[in-house]
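**Student:** Pasting a structure below so you can have a look.
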2 protein chains.
Amino acid sequence: MIRYPNGKTYQPKQAASSLKKKPSYSNRGMTLEDDLNETNIYYLNHSIAVIHKKPTPVQIVHVDYPKRSAAVIKEAYFKQSSTTDYNGVYKGRYIDFEAKETKSRTSFPLQNFHDHQIEHMKQVVAQGGICFVIISAFGEIYFLEAEKLFYFWERKNQNGRKSIRKDELEEAGHPISLGYSPRIDYIKVIDQLYFSPS
Amino acid sequence: MIRYPNGKTYQPKQAASSLKKKPSYSNRGMTLEDDLNETNIYYLNHSIAVIHKKPTPVQIVHVDYPKRSAAVIKEAYFKQSSTTDYNGVYKGRYIDFEAKETKSRTSFPLQNFHDHQIEHMKQVVAQGGICFVIISAFGEIYFLEAEKLFYFWERKNQNGRKSIRKDELEEAGHPISLGYSPRIDYIKVIDQLYFSPS
């Protein structure tokens, strides 16, 4: 075992990708959403950050109000979200992100996003918020800054490829190793990118 | 008409409250939520701030998936929110607030909030977010900083009164005059409280 001077163990970057059985969500019985929710609870309980997943947007059409019991929604439809799924605050700064996974072994399809979400991310970036996506792909978790996603999105809009190639994501994204607690420590990446002394 | 040196007209503070017919939501056909949504759209379209109302949290119990048409939620229930209704970003800072109205003419009942919301607001403040409530009461709109709400909440918890008296809200809150566009310019108060040069 190799240790850095700060006592942390050295984790060779190629270790995970060189394993034959990759840590995918399908064989752990957990979803990316589960892990992010656990992570956010950890951050909340340790006063590190206040980040919540937004409720699923629903168009309510019909509600019954039975006597002496709770109102029952009898007809409703799922609506497309006009924003991202997660937001909150870290050290006073606004945090905003979306989480996506792919089972593809070669590329991350951009159809995972829709125009409204990209538009929202651009507004957040313009307003000085910290905006990114967490992508589970190829047996890794990547932190991809919104500005880099915009590049691939523009390329698609100019009749380029409709996905981010594996090697492009490895180059543009920041890998987050899965931990026990917190499971997906994305705040560590935020610290490095936005709060490290320059 | 009296004008300040900066050209703004002087609005005597007692003007609205001395009117016999107060500008209440019931006789304008608009809700506080409508006005805040319009305000947030204005802020978004003018690149002033990115603030959205969160979707209503719903516990989905049963969904039908008819062939060749959209999924229909057939049974669902309203859930109590564990956070506040509005959040977003202004000049990089995290903004978080709740909006409440009362028809009482003498006080604002604290039962408009529940423990989870107050707990959330405390977490936001501890994390350096800008947190407040917008209260429609006594024919006025008030911006009340979360820290001041906590005072009244603690007083209630120590067997004190269960409401904020009219004169207390006038003293602790910042009045926001209803405008045409934006209708409830709460960013102006945020500028004064958090961004004015000291």
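Glycine too: its Cβ is placed from the backbone N, Cα and C atoms.
Below are the features listed in TrEMBL for this protein:
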{"type": "BINDING", "residues": "B:T83, B:D85, B:E98, B:Q117", "note": "Mg(2+) binding site"}
{"type": "COMPBIAS", "residues": "B:8-17", "note": "compositional bias 'Polar residues'"}
{"type": "REGION", "residues": "B:1-27", "note": "region 'Disordered'"}
{"type": "SITE", "residues": "B:K100", "note": "site 'Transition state stabilizer'"}
**Student:** Between B:T83 (Mg(2+) binding site) and B:K100 (site 'Transition state stabilizer'), how far is it from one CA atom to the other, in Å?
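**Tutor:** Between the Cα atoms of B:T83 (Mg(2+) binding site) and B:K100 (site 'Transition state stabilizer'), the distance comes to 14 Å.
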**Student:** Recorded positions B:T83, B:D85, B:E98, B:K100, B:Q117: which sit with Cβ under 8 Å of a chain A Cβ?
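**Tutor:** It is B:T83, listed by sequence.
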**Student:** Under 8 Å Cβ-Cβ from B:E98 (Mg(2+) binding site), six or more apart in the same chain: what's there?
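**Tutor:** Once residues fewer than 6 apart are set aside, B:E98 (Mg(2+) binding site) is near B:T84, B:D85, B:Y86, B:F113, B:Q117, B:M121, B:V133, B:I134.
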**Student:** Mind giving me a neighbour count for B:T83 (Mg(2+) binding site)? Other Cβ atoms within 10 Å of its Cβ, every protein chain shown.
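**Tutor:** By my count, 22.
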**Student:** Using a 10 Å radius around its CB, how many other CB atoms surround B:Q117 (Mg(2+) binding site)?
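**Tutor:** Other Cβ atoms within 10 Å of B:Q117 (Mg(2+) binding site): 20.
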**Student:** Per DSSP, to which secondary structure element type does B:Q117 (Mg(2+) binding site) belong, with helix, strand and coil as the options?
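**Tutor:** Note: B:Q117 (Mg(2+) binding site) is helical by DSSP.
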**Student:** In sequence order, what residues of the same chain, 6+ apart, have a Cβ less than 8 Å from the Cβ of B:K100 (site 'Transition state stabilizer')?
**Tutor:** B:L32, B:F108, B:N112, B:F113, B:V133, B:I134, B:I135, B:S136
